[in-house]
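Swiss-Prot annotations:
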SIGNAL    1-25  signal peptide
TOPO_DOM  26-455  topological domain 'Virion surface'
TRANSMEM  456-476  transmembrane segment
TOPO_DOM  477-522  topological domain 'Intravirion'
LIPID     CYS480  S-palmitoyl cysteine
Amino acid sequence: MSQLNLIPFFCVIIVLSVEDFPLYTIPEKIGPWTPIDLIHLSCPNNLQSEDEGCGTSSVFSYVELKTGYLTHQKVSGFTCTGVVNEAVTYTNFVGYVTTTFKRKHFKPTALACRDAYHWKISGDPRYEESLHTPYPDNSWLRTVTTTKESLVIISPSIVEMDVYSRTLHSPMFPTGTCSRFYPSSPSCATNHDYTLWLPDDPNLSLACDIFVTSTGKKSMNGSRMCGFTDERGYYRTIKGACKLTLCGKPGLRLFDGTWISFPRPEVTTRCLPNQLVNIHNNRIDEVEHLIVEDLIRKREECLDTLETVLMSKSISFRRLSHFRKLVPGYGKAYTILNGSLMETNVHYLKVDNWSEILPSKGCLKINNQCVAHYKGVFFNGIIKGPDGHILIPEMQSSLLKQHMDLLKAAVFPLKHPLIEPGSLFNKDGDADEFVDVHMPDVHKLVSDVDLGLPDWSLYALIGATIIAFFILICLIRICCKKGGRRNSPTNRPDLPIGLSTTPQPKSKVISSWESYKGTSNV
């Protein structure tokens, strides 16, 4: 708004007259030419002039749309997804505990989602704690399942509100719209069965924050209001206006597509369904200074050209291009015929692509037909070159259009994961992938030996086990000794030297080494 106040006669043209700054303007049709003198040349006026017979009178207040207004008003909100964290443990015979973590979904409530959102934006540690998996419980030779419910908040989640129907629009809604948003149902269902969308402001009643109060001066003809001059000095006519309500606020849609509201308007005609308000989007705010600079430069070029023409008392085809009206609307077109300067009143239309007026070589298309030239000369500096091509001076100076194209290409909107058209969700209730990036990682764990006993009992058990182990070793050793004695042969008493046992009749027994020696000497 501040820039509009600084440069009222240039920026208002763009904001209020056209949706985007046009690439070029071309007359809707060419009327009869009238010869003029050089002193009749004038730089185009892109502002509407006041109606004849109407004069400025009293100051009054009116309501208009804010700068940056969008037909789809942005509504900031968040999504809330219900997730059940499960910890399943199994303890085997020797005490090894296997823990497996799982995630499933549940349907949340709007009240619980609002509380979780407040925790998150306020930095309450309870929100982060609620996302962690539960501490698993276990029991010997049993499977134990421990569950914990969490609410995953993803923000921001921006939806759009249509200012005409007051409905919310977003690809994340099942039908693309959420039309039953009231205080009694302060949430919208999404294309994910376990996710709700809620606005940041719990008191949102679809009231539009798109209006601003301004001060202007009425232009009256007796008791009839012809129009008014707004606070930026731009005159607006009431001719062709119709009644249109935006966000429940009655007002008027003016002929140029702008919207205003003031008490007791005299207009009674209602707008048709296709008569909507011009879009004034953020892109225009971003390039506003570029547009203003370009318009100022073109205005200065036109004034410099006019000064040069009047000083030199001569004009060329190229210089006529500076006197073309830059935006759609009524103006004048100029040409040179038989050495005389000519003008005609025309209505300019915007051109967004050169192919609209140059469909083929040598053809300048106006009113769906190729217009004739006079010795290679058309109007407004447009000529036909020696090779048959149409030469338009502005085709070489489309810097402003390049600025807008660059800005359009540099927009990277933040997308909510549910907006992705190719998103597929699990039908069995298991948690979907988009919640994983907003929750701590989970994995399968195998614990050390754990019998589920307290520390002192565990130490007592370990001590008893060690004692029992030593006792067992002692018992094994004793048993081994007793078994070895039973299996060993009986020891005989030693005999005196020189005596031998009585020989057995069937075998010769040598009882000692001495006896063996004596026997061997015989």
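In case you wondered, yes, glycine gets a Cβ from its N, Cα and C as well.
Keep in mind that this is a model prediction, so the values were computed, not measured.
Mean pLDDT, taken over the topological domain 'Virion surface' (26-455), works out to 77 on the 0 to 100 scale. For the recorded site, the residue listed as 'S-palmitoyl cysteine', the DSSP three-state label reads helix. The residue listed as 'S-palmitoyl cysteine' has a Cβ environment of 9 other Cβ atoms inside 10 Å.
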